[in-house]
Structure formats: structure tokens, C-alpha cells
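A.B. asks: Pasting a structure here, questions to come.
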């Protein structure tokens, strides 16, 4: 089978165009190409989109480079005139939406200057730059300037899915056969008896189409809901005089937006104020170099990314008036990138389809030959009647229906169904799967490289200890939870200046007047510490003018700010990783509050304090300052600072993380912590989580960086903790792990984590702490930033794989039995025991209902007690082939005995004996599939009933199948070619079906694999990680 599937191999992430085209062209037997490829990306549309995108980028590039220069030579009078409408005037605005859009799109700084700059423009859109808009104004602003939403492709109606299901070529042929059958039947047998056979086929087709359409429609609704979740972005704005968070879709013209590193610019706008703002415009213009935005170059375009710095912007254009909106409009709903399992099952379906087509043709040929020979031997070869035509038509319908059953169209579609179900469940469990393949690949992950802060820990940080003036003070757990620090007025003032000036966060009042701190958890902890010391954020910010800000980034691991002092000169404050900032200091504030030189003895003493804090699992930060005669023109100095304080921030480990790590280890998944924290803090937290164990290695990023490639490969399997790491270190670790055959999942939250997220097999971005850049490069977004959620994604990834294996085992058994029983019977008796209507019903049990029952089963406990699914493992395992062969042989023997000796065994005689026998065969065949569907719940384990009632879908499908079978046999005989059965015959059919359970138990006792695993799972990996988990 592996050799036959050579053309059906694709990479899980970023598959090559050649591989994608190769497997598409290899799919030769398809009943309904429209439906089969509905969820698969259309390569022609993709190429069309890329061309349109390129055209828009070229247009924007012209605006950036040509129009900027041209505008200097254009007379103001030559610019288009925008007449103010009465509606705009009545709403209180004095500028048109199109004029705002044109100014930003053309980078028209001259027009902005003529209007008086951003301050005067704010007045034209009736907004205060300090207070923001009022929430009550949002509806009128949306009416005048538009909503911040992009044109979406209309949702497909249910009737569209019905129409799509009708495109099945075999169903179309059957419909033609049914219509002809009705015509010929009425002519020969009269009305209404002559209509029964054809009408039965038409009703069966209608049922198949409706069930298929309902299943596909529900799937499409799930994907649409998930797509909406992907587009949700939260932005920070100033409204009603306070800073607050809103959805990107609620943004309106006039909003004052706060931007920081990693944010996506949510609309077109104009720079108000900020520091070192660098914008990545490659998504729009294709330019790789970042653009510096300031008061001289003030225009910001929607869809671009903040690469560095921070700023406030005034929103001027939203929705479809922006260039980003126009680009989004060109996006086509071309489906998802195909997953490896979908491609592989397309291959399996193609191979089986070819076999089925051959059997169908042979069956028709054999039936026709037998019919002609019978006519020849009876001497009526020259006399042909309409009844003979009806018989031949019936043979043709049976042959076509064999193709319906034999071409397992449901195999690749079952993967989509299972993934959609898993994605919906994961969404409710706080994980948003952005790419289908990620859920599937997560089932094969052998290693998770996880951040510490917020993922393993709660991210609810508080300053627990502080060293200042040679004293260590601990937080007092009292009614006010305050620190009792005895500081001189000068030291306290300097400390509070450093806390409140050197921050990217804000202290605001909410609508109820309560104090609220907006910003990262670390910033919130330090600001809360400042408030506990009696500081006032707003007073401090008003006292000093900020001259320059160098925002925190994960490379420098520090943040700095420069403020102007009232008496002249300037003061630089810096805070950051203790070891790094300590090296920048020349002085320290001693016990008397005086600044004294930082001797080697004092450095050792402070280092011991830092180490002591870190060993208690506290994150440590140093707060330092430096006075300057004048503001430097370039970057702030990296030396000559005075140490003020070391703070220890407590960030408790999340409840359940240790158990989640143990679950991973039991499942053969190695967990590695990669953090920017001090190595002592990292080791303490890793031990608490169960990650750092005896025999494991904890290493600093700088040490790892200096290793040769050979040395790296030698120690990487032992690494459990990497501390003080840079984003580049994480990328290098991930890259090397993949080279040694690991399937790597990696978490990230910062902009600089994007390369590692992109490099990993599965990129996991944090939904709360993660930047938009990180989320855009991720495959899965962990909405609650919780490590337990990551483990849940792995659990569902494995469930998808094993569920599809169950479905494939079930479907192939039905394929084999249906094909052989009809073919052999046609060869020997000249008739097929299963009619077209019956085969259509079996096809629905097998395809749509079977997929619903088996492909949507929730994960069981045993899934995380096995090793990861090996990428190279054969999808259809020896164990599955054993089960398929054993069940097929049993069913063929029993049904064959009934077919050839049933009348004598069941003592059937009379005119309806053949009809009764064929009904018993049909009934027994269906109940064989019902019980085999239950068997398929477990490929290897004997107890197939465990957890069966936990899956309501499975229970519902079983109930519906049995109820419909009773209706078909007892009440729809005229259409389904059945007759009502006695209770003895019903009991016999159920008994024959239930014996499948005993056959399954016997089969599962037959060993077929020498290894101690099943179902495509590999042995637990050897090495330090597995031994530790043991």
C-alpha cells in the first residue's frame, strides 16, 4: 500500500506546490469532485489571489515612493475638492470620509499641514486627543465614516450543499436509471406497481443527498464560526477619558489607539505621539525594511505591524476604505491547505475506487452474459420484451450502485469532519486551531518547548520581596498587603520616579471609579508595588516630561526611559534582567540612602541577593538610574548607572501543570522550558512543574549559543531547561530538534518568537500575552495561555488520527463484503442479493453516518498513555488488516451460506421465498455493519463498550440506523425490494450481526505485531527524557 501511495505524500506545514499538484492529478476516481475538494485549497484561485495581492502592493508602493515626491509639485488647487454634505455637518464633523481616506492613502503630508496637523484634524472629527471619543458617539460615527469590517463572502445556503451533493456522477446516472425504470415499469406493469423500483431509487438518492447536505452544512457553520474567532483582535483605545480594550470591529474614526510592539495597526490613521515607532509594511507594500513613523512621517496603514516602539494614533479611515480592506476583499474562500491524512486517504480512496470500478464492470458483464445465456438456452433469444430491458436496466443500476459503495468518497471527507469536530471542542476548551493540519500534527508531537511565564505559571504577578538600601523587605500579608519600607524622601522619590516613568503601562480609573492597571503582568506588579508605597501615577507623569523611551524587548531584556529634570539636565531610568542591569551599574544606594561606589564586595553581595530571590522561584528585576547633563542624541547609555533596588516578583505555578507535564511524559512527549528568566528561577519553577529531573540539563542561552553544531546535537536530547534565552536561541533549539527527527511544538508570545513559531512543526501562540505578530505566525492560539490546554490539543490530535483509523477499518470491511457478495452471487446465480436501493442505504450507513459515529468520538484516557504517532507509520496497520480480513471472511461465509443454502436451512418455500431470503441477507448484512461499527470503536482492546454512551453522536447514529432499518424492511418493501420478516428471522439477523462481536474478540487475541504498541503508535523514545518520566 505504501508504494501505491507515493504520490499522496505532502508536508504537514508549508507543502510544496509540486507535491500539492501531484496528488491532485493522481486522484482519478472521484464521484463528486466538487464535494471532495470543497475544503481543499484551490490552487488556481490561490495563484489569482497572489496576482491581485501583488497588484495592490505595487499600487501602494507607487503611493509610497512616487506620490510622495509628486505631491510636492502639485498645486493645492489641483487636488480634488470634497464638498461637505449636510449629513456630515449635522453629525458635527467638518471633513468627509473620502477626504480622510485619500490623505492617508496618498501620504499627503502637505494636505495634513494645511489642515493644521493632527490636533486640528482631531477637531474636524470632533474628538479630544486626551479624552478620546464618547461611547455614545459610536453609532453616528459608524453611520458617517463606516464600520471597521471587511467584505466577507456570503455564507453558502443549505440549498447550495444540496445542489453540490447532487453533483455526484453515480447518483446522476442512478437518477436517469430510475426515471427510465419508472417509464418502462409503468408501461409493462401499469400504475402504480411499475413505479416502485424507480421511485425507491429516487427516494434513496433523496435521502442520501439530504443527509450528506445536512452533514456538510453543519460542518461549514463550524468552520465559519472558527474563522470569525481567528479574526478577533483586541485593541487598546482611549474612550470616555479612560484607556480601555475593545474589539477591532468596534473601532471608529476618531478613536485614539495605543500601539505597542507586536500589534497590528487596526485601521488607517495618523501618529499623535510616541517613541521609536518602527512599522513593518511588508504585508501591504512588500517592502522588507521597516518604516519609521513620527510627526514628520505621520501616516499609519491598516494591516501593518509594529516592529518596535510605542505610540498613540488617531483613526482616520476604517473598513473597506483602507488599502488593507481592499486587499482583504481579494482574498478568496479557497479552502484550507490539505492535511497529510486527507491527502493519504484521497490516495486510499483512489486505489479502492479503481478496484471497485473493476468489480462493478465485471459484475455488470457477468450478469448480462448470464442473462443472455439463459435466454439462449430457453429459446427466447430472438424475443426481447420491455421486461428484459427493465432487467438489464436493473443490472446496470446495481453495477452503478456498487461503484457508489466501492468508491469510498467519505474517507478524505471524514478527516475534515473529525478535524472540524475536534476544532469546535478545542474552541470550547480555549484553544483556537488556525490551520487544520496543526491539530493532526499535534498528535505526532514528541517534544513541547514551552515558555514559563503565563503558560506554566498563573501570570498573576506581585512583588513579593524587595532589596533596597542594603535591606530585604518582604510583602506583609495584612489587610492592606503593603510593604513597610523606611526610606529617605530622596530615595523614595527616585524609586517612585523609576517605577512610574519607566513603564509602558497605565493606571486608570474604570467606569465605577476603581483603580485599574493596564499592561503586561510584570508591569502591573511593579506599578502595584509603587501604589502600595503611596505613589501617585498621574502626578508623577505630569511632573516630568519624557524625552525618550526604549521599550522592553526580548533581545536586550531591559527597558529604559529618559526624563527632563526641573532644574535642567536629564535622568535615565532602566529596569530589566538583574544580571544584565547589574553590570551597567557603577554605584549603589546604601543603607544611609547615599550613592556609593559599587565595589566587588558589594557586587557579590547583590548577586547573592539576586540568587537567593531566584532560588525561591521569584523573577528578579533591577531598578537603576543615571543623571545626565543633557539628553543624548542616540541610544541611552549602557553604563554608569546607580543601583536603587532589586525586586522579586512572585508568579505561582498554575494548578494542574505538574499533572499535565506528567501526562506528557507518560505519552512520550518531552517537555522543555525555554525562558528569558534567571537560570536559578527557571530551575526552581521547572522542578516544581516536574520538567527538570535528575539527569536532565539546565543551560543558559549564552552558553548554548557558543556551542558548535556537533556539540549542540550531542546535548540537545538532555536539555530540559534553557534560561536567559533569546528568541534566536529558541529558533536554533527548535531547528536542531527537528533535524534529529523530533516533531516539535513550540509556544511563543512575542514578536521575536515569530521565526521559532514558523520553524516548528506546530506553533502555539498565547492568546492573552501574545502579540498579533506571534498569533499570525502560529498554527494554534492558546486562548487561556495554559499549559494544560496545550496537552488537550495533543490529546485531540491523537483522537483525530485514531478515529479516522477506526472509520477506515469499518468502511473497508463494508467495501470488501458488499463487492464480493454481489460479484460472486452474480457469477454463480445470475442475480445480485443486494439491490440498488439497499446498497444506497448501506452506503449511507458506511459513508455519512459511519463517519459521524466514529470520526467524532471524544479522546479516551488511554490515548495519552501511548507514545506519539510516528510520521512514518503505515496508516492502515497490520492490526487493522487483521480485523478487516477476519470480519470480511466471517461475513462473507455467513452471507454466502444464506445466499446459496438459505432456502433449505430456513425451510423457505412458496412464491415469496426468494424475497424473504434476500431480505434476511440484506437485514443480516446491515446488522453485521451495526455491530462491526461498535467493534471498530477499539482497534486492539476487547472492551468496546467503555465510554460508548459518552459519545451522544455514536449513540444517536446507532439508534437511527436500527430504526431506519426496521422501517425499510417492514414498511418500505415496495421501494426497497424487501418483505416484512417474522420475529424468528429478525432474531436470526441480529444474532448473525452480534456474532461479529465474538469474532472481534477472537481476532484481537491473534498477535500480528512484534512490537508492544498498536494503531500506528511508535515505541516510547529512549533517552534521558523517557527515563525521567519512568
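Cβ atoms here come from the backbone N, Cα and C positions, even for glycine.
Reproduced below are the annotations present in Swiss-Prot:
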type	residues	note
ACT_SITE	451	active site, 4-aspartylphosphate intermediate
BINDING	749, 753	Mg(2+) binding site
MOD_RES	28	phosphoserine
REGION	19-30	region 'Interaction with calmodulin'
TOPO_DOM	1-157	topological domain 'Cytoplasmic'
TOPO_DOM	179-196	topological domain 'Lumenal'
TOPO_DOM	218-345	topological domain 'Cytoplasmic'
TOPO_DOM	366-395	topological domain 'Lumenal'
TOPO_DOM	414-804	topological domain 'Cytoplasmic'
TOPO_DOM	824-834	topological domain 'Lumenal'
TOPO_DOM	856-875	topological domain 'Cytoplasmic'
TOPO_DOM	899-910	topological domain 'Lumenal'
TOPO_DOM	933-950	topological domain 'Cytoplasmic'
TOPO_DOM	973-982	topological domain 'Lumenal'
TOPO_DOM	1005-1030	topological domain 'Cytoplasmic'
TRANSMEM	158-178	transmembrane segment
TRANSMEM	197-217	transmembrane segment
TRANSMEM	346-365	transmembrane segment
TRANSMEM	396-413	transmembrane segment
TRANSMEM	805-823	transmembrane segment
TRANSMEM	835-855	transmembrane segment
TRANSMEM	876-898	transmembrane segment
TRANSMEM	911-932	transmembrane segment
TRANSMEM	951-972	transmembrane segment
TRANSMEM	983-1004	transmembrane segment
A.B. asks: In whole Å, note down how far the CA of residue 749 (Mg(2+) binding site) lies from the CA of the residue listed as 'phosphoserine'.
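C.D. replies: Computed Cα spacing between the residue listed as 'phosphoserine' and residue 749 (Mg(2+) binding site) is 44 Å.
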A.B. asks: State the mean pLDDT for the topological domain 'Lumenal' (366-395).
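C.D. replies: Across the topological domain 'Lumenal' (366-395), the average pLDDT comes out at 82.
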A.B. asks: Can the transmembrane segment (158-178) be said to touch the transmembrane segment (805-823) if we require at least 3 CB pairs below 8 Å and skip pairs under 6 apart in sequence?
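C.D. replies: Checked: the transmembrane segment (158-178) vs the transmembrane segment (805-823), no contact.
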A.B. asks: Calculate the distance in Å between the alpha carbons (Cα) of residue 753 (Mg(2+) binding site) and residue 451 (active site, 4-aspartylphosphate intermediate), and round it to a whole number.
C.D. replies: 11
A.B. asks: Tell me the Cβ neighbour count for residue 28 (phosphoserine), meaning other Cβ atoms within 10 Å of its Cβ, over all protein chains shown.
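C.D. replies: If we count other Cβ atoms within 10 Å of residue 28 (phosphoserine), we arrive at 10.
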A.B. asks: Hey, which bits of the same chain come close to the topological domain 'Lumenal' (179-196), Cβ under 8 Å, at least six residues off its ends?
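C.D. replies: Result: 202, 385-387, 389-390, 393-394, 397, 974-975.
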A.B. asks: May I ask for the distance between residue 451 (active site, 4-aspartylphosphate intermediate) and residue 749 (Mg(2+) binding site), taken between their Cα atoms and rounded to an integer number of Å?
C.D. replies: 9
A.B. asks: On the three-state reduction of DSSP, what should I expect for residue 28 (phosphoserine)?
C.D. replies: coil
A.B. asks: When you look at the transmembrane segment (983-1004) alongside the transmembrane segment (346-365), do they share 3+ Cβ pairs under 8 Å, ignoring any pair fewer than 6 residues apart in sequence?
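C.D. replies: No, since the transmembrane segment (346-365) and the transmembrane segment (983-1004) share fewer than 3 Cβ pairs closer than 8 Å, they do not count as touching.
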A.B. asks: Under 8 Å between C-beta atoms and at least six residues away from its ends: which parts of the chain pack against the transmembrane segment (805-823)?
C.D. replies: 345, 348, 352, 355-356, 359, 362-363, 366, 398, 402, 405-406, 408, 410-411, 414, 418, 832-834, 839, 842, 845-847, 850-851, 854-855, 857, 875-877, 880, 883-884, 887-888, 891-892, 895-896, 899, 925, 928-929, 932-933, 936-937, 939, 1015-1016
A.B. asks: Below 8 Å Cβ to Cβ and six or more residues apart, same chain only. Which residues does that give for residue 749 (Mg(2+) binding site)?
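C.D. replies: Spatial neighbours, sequence-distant, of residue 749 (Mg(2+) binding site): 451, 454, 765, 766, 769, 770, 771, 774, 785.
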A.B. asks: Measure the Cβ-based neighbour count of the residue listed as 'active site, 4-aspartylphosphate intermediate', defined as the other Cβ atoms within 10 Å of its Cβ.
C.D. replies: 27
A.B. asks: Taking DSSP states H, G and I as helix and E and B as strand, how many residues of the topological domain 'Lumenal' (899-910) are helix, strand and coil?
C.D. replies: 7 helix, 0 strand, 5 coil
A.B. asks: Using DSSP with the three-state reduction, classify residue 753 (Mg(2+) binding site) as helix, strand or coil.
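C.D. replies: In three-state terms, residue 753 (Mg(2+) binding site) counts as helix.
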A.B. asks: Under DSSP, the topological domain 'Cytoplasmic' (933-950) has how many residues in helix, strand and coil?
C.D. replies: 6 helix, 0 strand, 12 coil
A.B. asks: Please work out the helix, strand and coil residue numbers for the topological domain 'Cytoplasmic' (218-345) from the DSSP assignment.
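C.D. replies: For that range the per-state counts are 37 helix, 48 strand, 43 coil.
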A.B. asks: Looking only at Cβ atoms, how many others are within 10 Å of the one on residue 753 (Mg(2+) binding site)?
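C.D. replies: Taking every protein chain into account, the count is 28.
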A.B. asks: Give me the DSSP three-state residue breakdown of the topological domain 'Lumenal' (366-395), ordered helix, strand, coil.
C.D. replies: 22 helix, 0 strand, 8 coil
A.B. asks: Can you name the far-off residues of the same chain, 6+ from the ends of the topological domain 'Lumenal' (899-910), with a Cβ under 8 Å from a Cβ of it?
C.D. replies: 821, 825, 828-829, 833, 916-917, 920-921, 985, 988
